[in-house]
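Student: Pasting in a structure now, in structure tokens, and then I'll have a few things to ask.
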Amino acid sequence: MASKELPASGDEYTHDVVEPVECVGLQTRGGWTTFPFITVSALGLSIAAAGWTTNLIVYLIQKFNIKSIHATEIYNVVNGCTSFFPIVGAIIADSFVGNYFVILGSSILSLLGLVLLTLTATLDSLRPNDCKEDLQTCEASSQFQLAILFSAITLVSIGIGGTRFTLATMGADQFDKRKNQGTFFNWYFFTFTLATIIGITAIVYVEDNVSWGLGYILCLAINAIGLAIFICGKRYYRHIKPMGSPFTSIARVIVATIRKKKVLLSSESKDYYYGDIKGTLFPAVLGLTSRFRFLNRAAMKVEGDAHQQQGKLSESWSLCTVQQVEDFKSLIKICPLWSSSIFLHTPIAIQMSLMVLQALAMDRHVGPHFRIPSSSFLVFTLLATAIALSIFDRYLFPMWKKLTHRSMTPLVRIGIGHVLNIIGMACSALVESRRLHVVRNHNLTHQPSSVTVTPMSALWLIGPLAIVGVGEAFHFPGQVSLYYQEFPTSLKSTATAMISLVIAVAFYLSTALIDLIQRITGWLPDNINEGRIDNVFWMLVIIGVINFGYYSTCAMLYKYNNVENSEQKSETLVIDDA
């Protein structure tokens with residue numbers, strides 16, 4: 001989820017234009033004219049993405065005869081990749097080619113991947129024969145079939161990563177005013193949520209109840225329409241010249257520090273590089289702090305340092321500005337809180353994948369004729385989050401402010417999210433304990449869980465999913481707000497990247513954790529009727545409690561970057577310097 005914010009994109013764009021004639025022509029681009037092209041493109045690409053990713057576990061089990069637990073591991077890896085690739089896409093867009101070409105290239109890759117995925121669903125030669133009803137004679141997929149399948153998944157995953165949040169960034173770049181940018185973001189994420197709900201429900205229903213081929217053809221067609229609409233709007237888009245990625249300056253600080261590891265630190269401010277900023281005020285404001293002093297070497301001027309332009313020092317991989325060093329220190333400062341979020345999202349990732357296996361084994365009928373697709377249960381988490389957010393903004397937060405005379409801080413919101421997440425995992429454990437009790441009472445323990453329906457309504461799964469959804473309404477916006485509020489101005493665009501990265505790590509870690517549990521315990525056999533998924537959830541409760549203790553410690557020790565205090569400190573530094 002690495003979206004990039006350019007608060008004054010119009011000004012930056014104008015600065016890049018040299019000739020007055022070009023400037024007049026280019027200023028007519030951007031604005032609300034581009035809105036329908038970008039949002040409709042986002043709608044189509046997001047529906048297609050949700051339509052195939054959400055139901056991937058079921059597709060792997062039913063059409064490629066992949067064991068259920070292995071299918072969940074693949075699903076988690078794919079989700080990890082789709083959360084990590086946006087960071088790569090943002091770096092490429094910021095540093096090299098710009099947002100438009102990243103979105104265009106990623107959409108084309110997504111289209112090619114969906115073509116291959118559709119072929120696997122429609123051509124018998126590209127998938128193994130279906131298992132017999134007793135599941136004792138299942139044909140394994142050939143190497144060629146798996147190669148086509150995983151090539152398709154890889155291409156579509158890259159496509160999702162390159163478009164999901166880069167589209168949001170490009171949309172914001174079309175506006176000069178903060179208010180218009182904010183309005184665009186609201187509509188964009190509303191569109192994204194709507195598209196996800198459509199994909200999770202309508203597309204998944206077609207895949208489960210009509211045919212996989214038709215479902216993937218719909219994804220392919222919708223992706224193609226979204227791409228075509230995006231291309232049609234090219235003449236109206238404002239294209240921002242790549243200004244360089246903030247990740248580059250972070251890497252420079254690390255490299256410069258390593259290169260100067262033997263240099264003795266100086267206590268004189270004149271020995272450090274402040275960049276092009278002139279005057280006594282700014283060097284004082286940007287003065288190096290004593291925390292993580294070893295990093296100060298990156299800004300120290302030494303003989304033969306960096307490459308010089310017209311006899312003047314300039315930034316390089318051996319010399320950084322004081323501001324870049326302090327910005328990197330800010331990232332290190334918040335890392336403990338960031339790391340606690342990994343084990344906040346890891347249980348959610350495991351719950352998402354195991355819930356699909358639980359739903360497959362339960363009675364999903366609502367009425368005599370309608371059956372909810374197993375993967376569509378994820379929509380209840382999304383709906384709970386959306387409903388909770390609307391209630392919080394209208395009632396909870398105003399009430400909190402009235403009672404405490406202060407707004408709810410991001411750390412408090414995240415802490416409440418931790419608690420609700422633990423409660424959600426405990427409820428999942430109780431529901432699974434009840435399901436296993438019903439399985440034993442009906443002598444279904446050794447019956448294949450993917451084809452034998454346990455006489456227990458799958459609607460019991462909604463409760464835990466809704467609790468986790470409400471928890472996300474607390475901790476997810478809280479994390480975004482914390483990172484955006486606490487990061488220095490030059491690194492504001494990395495706020496969403498931090499969230500995207502933590503989600504990616506959580507999905508990868510969930511895969512490793514599931515594999516470890518399967519290896520050392522008997523809790524996760526391929527037939528979950530013979531397993532103890534409830535114990536897995538209780539283990540996640542214990543992990544959650546320990547992680548909450550770690551988070552609480554970090555939160556109590558953390559000090560917000562207070563603007564007023566910073567201003568007072570700056571004034572003091574200026575006086576002292578004088």
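Each residue, glycine too, has its Cβ placed from N, Cα and C.
Pulled these from TrEMBL:
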{"type": "TRANSMEM", "residues": "37-62", "note": "transmembrane segment"}
{"type": "TRANSMEM", "residues": "74-93", "note": "transmembrane segment"}
{"type": "TRANSMEM", "residues": "100-123", "note": "transmembrane segment"}
{"type": "TRANSMEM", "residues": "143-163", "note": "transmembrane segment"}
{"type": "TRANSMEM", "residues": "184-206", "note": "transmembrane segment"}
{"type": "TRANSMEM", "residues": "212-233", "note": "transmembrane segment"}
{"type": "TRANSMEM", "residues": "337-360", "note": "transmembrane segment"}
{"type": "TRANSMEM", "residues": "372-391", "note": "transmembrane segment"}
{"type": "TRANSMEM", "residues": "411-431", "note": "transmembrane segment"}
{"type": "TRANSMEM", "residues": "451-474", "note": "transmembrane segment"}
{"type": "TRANSMEM", "residues": "495-517", "note": "transmembrane segment"}
{"type": "TRANSMEM", "residues": "537-558", "note": "transmembrane segment"}
Student: Can you name the far-off residues of the same chain, 6+ from the ends of the transmembrane segment (411-431), with a Cβ under 8 Å from a Cβ of it?
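Tutor: Tertiary neighbours of the transmembrane segment (411-431) are 337, 341, 344, 347-348, 351, 355, 358, 460-461, 463-465, 467-468, 470-479, 481-482, 534-535, 537-538, 540-541, 544-545, 547-548, 551-552, 555, 558.
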Student: Would the transmembrane segment (537-558) and the transmembrane segment (74-93) count as touching if the test is at least 3 Cβ pairs under 8 Å, pairs 6 or more apart?
Tutor: no
Student: At least three Cβ pairs under 8 Å linking the transmembrane segment (143-163) and the transmembrane segment (74-93), pairs spaced 6 or more in sequence?
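Tutor: Yes; at least 3 Cβ pairs under 8 Å.
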Student: The transmembrane segment (212-233) vs the transmembrane segment (184-206): three or more C-beta pairs under 8 Å (separation of 6 or more)?
Tutor: yes
Student: Of the stretches 74-93, 100-123, 184-206, 337-360, 372-391, which racks up the most C-beta pairs under 8 Å with the transmembrane segment (37-62)?
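Tutor: Top-ranked stretch among 74-93, 100-123, 184-206, 337-360, 372-391: 184-206.
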Student: Of the listed stretches (74-93, 184-206, 337-360, 372-391), which one yields the highest count of Cβ-Cβ distances below 8 Å with the transmembrane segment (100-123)?
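Tutor: Looking at each of 74-93, 184-206, 337-360, 372-391 in turn, the most contacts to the transmembrane segment (100-123) are made by 74-93.
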Student: Establish whether the number of Cβ pairs under 8 Å between the transmembrane segment (74-93) and the transmembrane segment (372-391) reaches at least three, counting only pairs separated by 6 or more residues.
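Tutor: Answer no, regions not in contact.
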Student: Within the same chain, where does the transmembrane segment (372-391) have neighbours whose Cβ lies under 8 angstroms from its own Cβ atoms, ignoring anything closer than 6 residues to its ends? I mean 6 or more beyond.
Tutor: 54-55, 57-58, 193, 196-197, 200-201, 204-205, 207-209, 352, 355-356, 359-360, 364-366, 458, 461-462, 465-470, 472-474, 476-477
